Amino acid sequence: MFDGYDSCSEDTSSSSSSEDSEEEVAPLPSSLPIIKNNGQVYTYPDGKSGMATCEMCGMVGVRDAFYSKTKRFCSVSCSRSYSSNSKKASILARLQGKPPTKKAKVLQKQPLVAKLAAYAQYQATLQNQAKTKAAVPVEGFSWGNYINSNSFTAAPVTCFKHAPMGTCWGDISEGVRVEVPNTDCSLPTKVFWIAGIVKLAGYNALLRYEGFENDSSLDFWCNVCGSDIHPVGWCATSGKPLVPPRTIQHKYTNWKAFLVKRLTGAKTLPPDFSQKVSESMQYPFKTSMRVEVVDKTHLCRTRVAVVESVIGGRLRLVYEESEDKTDDFWCHMYSPLIHHIGWSRSIGHRFKRSDITKKQDGHFDAPPHLFMKVKDVDAAGEWFKEGMKLEAIDPLNLSAICVATIRKVLADGYLMIGIDGSEAADGSDWFCYHATSPSIFPVGFCEINMIELTPPRGYAKLPFKWFDYLRETDSIAAPVKLFNKEVPNHGFHVGMKLEAVDLMEPRLVCVATVTRIIHRLLRIHFDGWEDEYDQWVDCESPDLYPVGWCQLTGYQLQPPAPQSSRDSQSSSSKQKKKAKSQQYKGHKKMSSLQLKDELLDGEEYSFLQGASDQESNGSASYYIKQEP
């Protein structure tokens, strides 16, 4: 396993690939010991032992263990096969009119050729992705500096199942060793060294070169999913040089022994880690696909839109009637706001017909199986009915949970909901939630979890009491048992950093913090902005991402707003948003004792003991229980 860890080998030529090489590698300094073996150059700090590559099968191993005096083959069979295939190669060259040369290519075994071709294609794909998905730098902001200077903690990648590597992150943690480029080196060629993860922050890792012990002077941050991060052993199998950093090169005379001792029992990345990263960043939605998406000007209906671009699973959708392609909408491919063509008609949802009578050339309907599936519900028995009251997150003011009413029951468990006191007469501001949506709650959810409930606009009888309001409106509360009470083991904790979509401006992904946790409900604060812009988001929302997601996918990250721009932007670019927040502003939050005293006055309801800001992921009882 440790073969070649102390090597600085640079594959300058080989008998099987020298003619196809397009890159010339600068010669290594003579100060380092060099071992030459049939055209291949291996350099080692100790100069005592080396690695070799079998010229027949390509296997890399300890040179001393190889067959024959020249150490060109790993076994007798490879030596004989090479001899036989060399004759075949010479005959084929003559038949093709090519003069035989000493560097004639060897006809290698088919399995190896297939592997090499696949690996070369995969490396080319990674390089293309690195070029096309280069992150747009944000001047003056660095996640690493931001986290280091404030001792922040970031939410782990495993909290985001929809994000790349979210379901296959494994046990990558502090202490894991990797091979990375050695920047503390004056060699003209690109060399590598082993580093250990000191701290993890989402996809980003703080690395320290092996041998620096407690010296953090050359620590650096990088994205674990980047193209320059490799598992230990990659250099040996790839013929890349391992060179200790110049700062510590004098510390040991036998670096191989040092690495063997330090790496024995250590963890590294899985061998197929980069392949998994590449696979997890393949998205089924393609440009020119047609979907149904919520109409951002009238939430009560959907419209046809076309996928214009896909970045990290996020879709830029252009409404089909937009001639200049500026009327767009951003959302994740797993968003509950997008559906397959025909969805609105199938459940009885309002739909704005397009003036375009036929599909434009190249446009095609997205297959239904690409969209996020909702849970099946049984509406045959006791079910939601029109007029029932509940509490719901206001989609136009995501910092508020409001008094709401079910206005229409659609098919397949979908509900049209309106915010009490602010509904349009024609119902144009109703919005659609599924019955299992984590954005709707039973009556009393806010009270029992000490969340400020926004009362109906214009409601004068404050403080707001559900018992009085239900009597005054001659309404009933939706049964508690119909709501989704499942709480997944999400792993979030208060104070964790992440990257989050500003759902009021869904094209923006911002630096954010988890400030409250109510079972599966998260309060997301945008760093640098006032609390009134906070948003309630579900723990499994596809609009939350690990630290480093923007860098990985090439999406633009919005840094925390500085104080100067915060003051000006609060009164300009976010003026409408602020006005909306003030419009739905509820009464001052009461103390928990006041709440408890008032709730005990009711005769029709009793409360189960709940807790606010729970960080446990268990499904504790936090809903009102209706007595039979």
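Cβ from N, Cα, C; glycine included.
What TrEMBL lists as region 'Disordered' is 1-32, 558-592, 606-628. Per TrEMBL, the feature compositional bias 'Low complexity' maps to 1-18, 563-573. The feature domain 'FCS-type' is assigned by TrEMBL to 45-80. Residues or ranges marked as repeat 'MBT' by TrEMBL: 141-245, 253-349, 351-456, 464-560. Annotation source TrEMBL lists compositional bias 'Basic residues' at 574-590. Residues or ranges marked as compositional bias 'Polar residues' in TrEMBL: 609-620.
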Secondary structure tally of the repeat 'MBT' (141-245) (DSSP, helix then strand then coil):
16 helix, 30 strand, 59 coil
I'd like the per-state residue tally for the repeat 'MBT' (351-456) from DSSP, helix first, then strand, then coil.
10 helix, 36 strand, 60 coil
Secondary structure content of the repeat 'MBT' (253-349), with strand meaning DSSP E or B:
22 helix, 35 strand, 40 coil
When DSSP states are grouped into helix, strand and coil, how many residues of the repeat 'MBT' (464-560) land in each?
18 helix, 31 strand, 48 coil
Model confidence over the repeat 'MBT' (253-349) (mean pLDDT, whole number):
94
